[in-house]
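According to Swiss-Prot, the features are:
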type	residues	note
DOMAIN	236-295	domain 'SH3'
TOPO_DOM	1-18	topological domain 'Cytoplasmic'
TOPO_DOM	40-52	topological domain 'Extracellular'
TOPO_DOM	74-81	topological domain 'Cytoplasmic'
TOPO_DOM	103-111	topological domain 'Extracellular'
TOPO_DOM	133-295	topological domain 'Cytoplasmic'
TRANSMEM	19-39	transmembrane segment
TRANSMEM	53-73	transmembrane segment
TRANSMEM	82-102	transmembrane segment
TRANSMEM	112-132	transmembrane segment
Amino acid sequence: MYGGRKGIQMSNILGDPFALATLSIAMLAWCITFVACIIGRIQQTNDSPFPTFAWWGCIYSLCLIVGVFVVIGSDSVHTYHVAVTGYLAAGIVLVSSGVNLLLYSDSGAREAASAGFILLAMVIVIWTFYFGSNPSSTPRAFLDSFALAKESTTIHRSTMNGYGGGGRPETSNSVQPPQMYTSAQLNGFENPSPVGGVSQVGGRGSAVPQSFTNSVMQPKATNSPGADAEVVPPTEYPYRAKAIYSYEANPDDANEISFSKHEILEVSDVSGRWWQARKENGETGIAPSNYLILL
């Protein structure tokens, strides 16, 4: 439930080396830029006024840093990564414009501010690549593997249905294949009346043989053995995968399994969106492929 989402926890920042390093560098770069902009504003002259656009870039950069801190601290990267990527893309433009305005100047304060903007731009580019990448991509999975805090297990189910444009395939073979007939059996099956329909089947003047209609129209009383049985799990698991996020199985589906972040699973087939996996304790079931990365 959305109401049960946790608040900001510093463990999500301190336990993630990538988040801690980039946020620290970004905050340091912003402090350099902000102090240098203040000094540059004080040292401005009538012939060389301080560009006011730099203040907007400085304020926007602070909003980006705070936003990234809140998203990572609240463990909601999976939910807001698209919005964060859009804001970061706009930040690259603003910060780059600030560099262009301040770099080519004789003032040391303005050059220091431009250096801070350059450092901010580098961090924003890295953030854009991180938040804009799929969680199962190799670079992002590598960075997430160093995080100590576990990803929240309350991720909305719609993200799973939206992965690849489809949901999980059925895991039982209850669908019966269509019955095939020969040309001899279908001989005389033509309907002479354009509106006769099914009501004339088996009646007077019917073009369908009575013996054939009985065999076709009557449903089968029994299904083939094992029609509704569950799929037998495989005996070989040649692949090994590492969980990049925690996942909680659907309580209504006995085929799914739950696992925690960084847990190692054995996988039998990696061709679909849902993989047949086995945990270290011997528990087997299906797991979403975008939560795993092959080793």
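A Cβ is built for glycine as well, from the same backbone N, Cα and C atoms used for every other residue.
Within the same chain, residues 12-13, 50, 54-55, 58, 61-62, 64-65, 68-69, 72, 98, 109-110, 112-113, 115-117, 119-120, 123-124, 126-127, 147 sit at least 6 positions outside the transmembrane segment (19-39) and bring their C-beta atoms closer than 8 Å to a C-beta of that stretch.
Within the same chain, residues 8-10, 12-13, 16, 19, 22-23, 26-27, 30, 33-34, 37, 40, 80-81, 84, 87-88, 90-91, 94-95, 97-98, 101-102, 113, 117, 120, 124, 127 sit at least 6 positions outside the transmembrane segment (53-73) and bring their C-beta atoms closer than 8 Å to a C-beta of that stretch. Taking the topological domain 'Cytoplasmic' (1-18) as a whole, pLDDT averages 74 in the prediction. For the topological domain 'Extracellular' (103-111), the DSSP-based tally of helix, strand and coil residues reads 4 helix, 0 strand, 5 coil. The DSSP breakdown of the topological domain 'Extracellular' (40-52) into helical (H, G, I), extended (E, B) and coil residues amounts to 3 helix, 0 strand, 10 coil.
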